Amino acid sequence: MALASARSSLEIVPYSGDLEEPPVDVKRQDSLFRDATRPAHAGHHGQDSWLRTLRLGFQCVGILYADLGTSPLYVYSNTFKYGIRHEDDVLGVLSLIIYSFLLFAMVKIVFIALHANDDGDGGTFALYSLISRYAKVALIPNQQAEDELVSRYNNYGKPSATLRRAQWMKNLLEASKPAKLLLFFLTIFATALAISDCMLTPPISVLSAVNGLRLRAPHLTTDQIVWITVAILVAFFAVQHLGTDKIGYTFAPVVVVWLLLISGIGIYNLIKYDIGTLRAFNPKYIIDYFRRNKKKGWVSLGEILLCFTGTEALYADLGYFSIKSIQLSFSFGLLPSVLLTYIGQAAYLRKHMDMQYIPNAFFNSIPSPLFWPTFVLGLTTSVIGSQAMVSCAFATMSHLQTLSCFPRVKILHTSRRYSGQLYIPEVNFFLCLASCIVTISFRTTGFIAKAHEICVALVMVITTLLMTIVMLLVWKVNIWWIVVFFAVFFSTESIYLSAVLYQFTKGPYFPLAMSAVLMVIMIVWHYVHVKRYKYELQHTVSPSEVKQLLERHDLKKVPGLGLFYTELVQGIPPIFPHLIDKIPTVHSVIVFISVKHLPVPHVDVSERFLFRQVEPKESMVFRCVARYGYRDTLEMANEFVATLVEYLQYYVRDLSLYCTAEPLKTSYPSIRMDSFRWEKKPSGHGHGIHAEEMLTPIQSFSELTMHQVGMSSRLAQFQTAKMNLEEMLKIEEDQKVIQREVDNGVVYILGETEVVAKPHSNLLKKIAVNYIFNFLRKNSRKGEKMLSIPRGQLLKVGITYEI
């Protein structure tokens, strides 16, 4: 109602020009508040109809459950790789599988973690993004008060002072640099582990399925099995550029048939071999298992946790579906199918305890007439499960780009309809090469499983830690529920992790080594990015200096629109006077543009641009912050300019209207929104202008009538503050000037910044900045390619910073 009233007031104020009001769908914006992230008692897609929920539930089977659904291929064979000492050990392991699957996959992920989502996005990066919106934990000092006005930014409100633990957590994260660094470290560590896991899932899934050929072709050697697997992996990664993720929903029927088939086989084996296997639902067998096997039983937990591998991809790919659809399909589809499969295999193993049956326990337990259908479906489902993990890797790498934690890579969107469906050639090649190397090096699922386990165990623990922070800071639920959650999951997951680390030299070192390499890249890239940003922030050009530069007698103006790209959201960057000194020429209209990614998945185009005019006004110089979510796609340069100019003209008009209504601001200070403070604040040692002065085209005017208290009297006063004809003509002339200069041509100005360590820096810093960072920068994609800037309209300005 408030925004609608503001728009009504806009319509009665005359102004010249052909522009219409920017499209703002109030009902849609209101729905964003309802549909965004919610605490553990609500869903993120609003009130979905049952028909839609059922449809999504069927579709998500093909995307999310293939990896979990193929785990029975290798769990028992790896757990009992040294044989079965006692027939009740099978019941003990089965009982552990049942309760581990229920506790970690179902309770933690499906019924708790899915609610800790960032406007529908899941995973550790989404948790970090969600925390960043409630506490200023980002290491780059580019936060703006206006960011909190974005409709998807903050839907719970700031922690109430009465909730002392939420406020305490907020203060701790904001005031403690070690806490910020630890949170950042945990996030990128989990991200690096997830990418490493994406190198391991395709080999172990496909190799487990291909191993089934030995039952029908016993003459096949291990080398032949390995090379068949490599051929399948190469073919799999070779088709990624076609946008395989677009047809992900077509995988659902295949996975549904697979789940129905393996559950039917499980029932068959249960009835045929040992119906008493159902006794494993009694947790007493877990105690007996550890009592008999002691240390070996504890060590076997590393293999048992493989039963719920794939839950991290389920959580990370939440954005495609609704919470209800996942909970429904998991509870009534995946859960009974997978448990019946494990129970059936256990029944078979209780009657076939000889070592010859264990390495291929899954395919050995299949009735002979069903072997080939099961083999083909198993291999297909393994590939589908690998697809989910690879898609997760693409999305994760895209998120790292927005966090400025990884060198720029080429990101292609394979679907016009679904922005989250990505393809990254460099990452695809890297995953393909790594998967083939893993397959050739380890050769058997046993060694790959060891490497797989460490990724799963560590991501589990980190997710628990981040979720606990979300519960304290965002959800603000009862403290005893948080204590129970942390105590139960952190303690049990630590036991699993200790079992994995005990066998560190037998495989877990590989993903940790790969994660360490990735983390070095992330840390160095982010460290230099933060240092460079702070350097520019400390050396921003003061308003008086800018005015002197623009009023220089030898400064020439050339026709056209100059778009000056900078990472700063505060003030004018030091590269601008550097350019003026070297080439005393500027364009008739200049816009300093900062492309900024907010910790939200999407930013609506009506909320994208923040503007501020730079003095003197006659120079037609503006600052603009273009805000994107981490799932938003950067437009092509021409499309971006068209949208930018459209909203710039709205801003020029609304700014003049706002200035006309200036008496209102002083007479009624209460109508100013809290986030808009007009005072100037210094930035470091420079004279930067604090970005809180910036406004969107709509906010710059409609906020005058945003509050309903005393609305009628304010509207009456506002209507008396109409512009005279001269002022209206001035607005029209400014708009025409902008459009004319756009027609004269657009030039994109990019800073080619070289960063070097100061001469007296320590050796580690010199290595990180002068060698590692500069090597990565030279071998990553250039900024103009990321922004799709035409070469003929590009101007680069070189400068060197010592940090």
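Easy rule for this one: first residue shown is 1, then count along the chain.
Backbone N, Cα and C define each Cβ position, glycine as well.
Automatic, uncurated: that is what TrEMBL annotation is.
Positions annotated as domain 'K+ potassium transporter integral membrane' by TrEMBL: 58-545.
Per TrEMBL, the feature transmembrane segment maps to 90-114 (among others). Among residues of the same chain six or more beyond the transmembrane segment (90-114), those with a C-beta under 8 A of the stretch's C-beta atoms are 40, 68, 75-76, 79-80, 84, 122, 277, 279-283, 285-286, 288-290, 292-293, 297, 300-301, 304-305, 307-308, 311, 314-315, 318, 323, 326-327, 330-331, 335, 338-339, 342-343, 346, 349-350, 353, 460, 463-464, 467, 485, 488-489, 492-493.
Only residues 6 or more beyond the boundaries of the transmembrane segment (181-204), in the same chain, are considered here, and those with a CB under 8 A from a CB of the stretch are 67, 74, 123-125, 127-128, 131, 137, 139, 173, 229, 233, 236, 309-310, 312, 316, 383, 385-386, 389-390, 392-393, 396-397, 399-400, 405, 431, 434-435, 438-439, 442, 445, 448-449, 451-452, 454-456, 458-459, 462-463, 465-466, 469, 511-512, 514-516, 518-519, 522-523, 526. What TrEMBL records for 181-204 (among others) is transmembrane segment.
The transmembrane segment annotation in TrEMBL covers 225-243 (among others). Proximity of distant same-chain residues to the transmembrane segment (225-243), defined by a Cβ-Cβ separation under 8 Å and at least 6 residues beyond the stretch ends, is recorded for 202-203, 206-207, 210-211, 213-214, 379, 383, 386-387, 390, 412, 414-415, 421, 423, 425, 428-429, 431-432, 435-436, 439-440, 443.
Listed by sequence, the residues of this chain that lie at least six past the ends of the transmembrane segment (249-271) yet keep a Cβ under 8 A from its Cβ atoms are 58-63, 65-66, 69, 72, 277-278, 333-334, 336-338, 340-345, 347-348, 365-367, 370, 373-374, 377-378, 380-381, 384, 387. The annotation transmembrane segment is assigned in TrEMBL to 249-271 (among others).
Taken from TrEMBL, the feature transmembrane segment covers 298-316 (among others).
When Cβ-Cβ distances below 8 Å are used as the criterion, the transmembrane segment (328-349) is approached by residues 53-54, 57-58, 60-61, 65, 68-69, 71-72, 75-76, 80, 84, 90-91, 93-94, 97-98, 101, 105-106, 110, 256, 259-260, 262-263, 265-270, 272-275, 277-278, 280, 307, 357-358, 361-362, 364-365 of the same chain, each at least six residues removed from its ends. The transmembrane segment annotation in TrEMBL covers 328-349 (among others).
Look at TrEMBL and you will find 370-397 (among others) tagged as transmembrane segment.
What TrEMBL lists as transmembrane segment is 422-442 (among others).
As annotated by TrEMBL, transmembrane segment applies to 454-473 (among others). A Cβ distance under 8 Å defines the sequence-distant neighbours of the transmembrane segment (454-473), meaning residues of its chain 6+ beyond its ends; these are 104, 108, 112-113, 116, 124, 127-128, 130-131, 134-135, 159, 165-166, 169-170, 173, 183, 186-187, 189-190, 193-194, 196-197, 200, 302, 305-306, 308-309, 312, 315, 481-482, 485-486, 489-490, 493-494, 496-497, 500-501, 504, 507-508, 511-512.
Marked as transmembrane segment by TrEMBL: 479-502 (among others).
Only residues 6 or more beyond the boundaries of the transmembrane segment (509-528), in the same chain, are considered here, and those with a CB under 8 A from a CB of the stretch are 139, 184, 188-189, 191-193, 195-197, 199-200, 400, 403-407, 434, 438, 451-452, 454-455, 755, 768-769, 772-773, 776, 803. Residues annotated as transmembrane segment in TrEMBL: 509-528 (among others).
According to TrEMBL, the feature domain 'K+ potassium transporter C-terminal' maps to 559-803.
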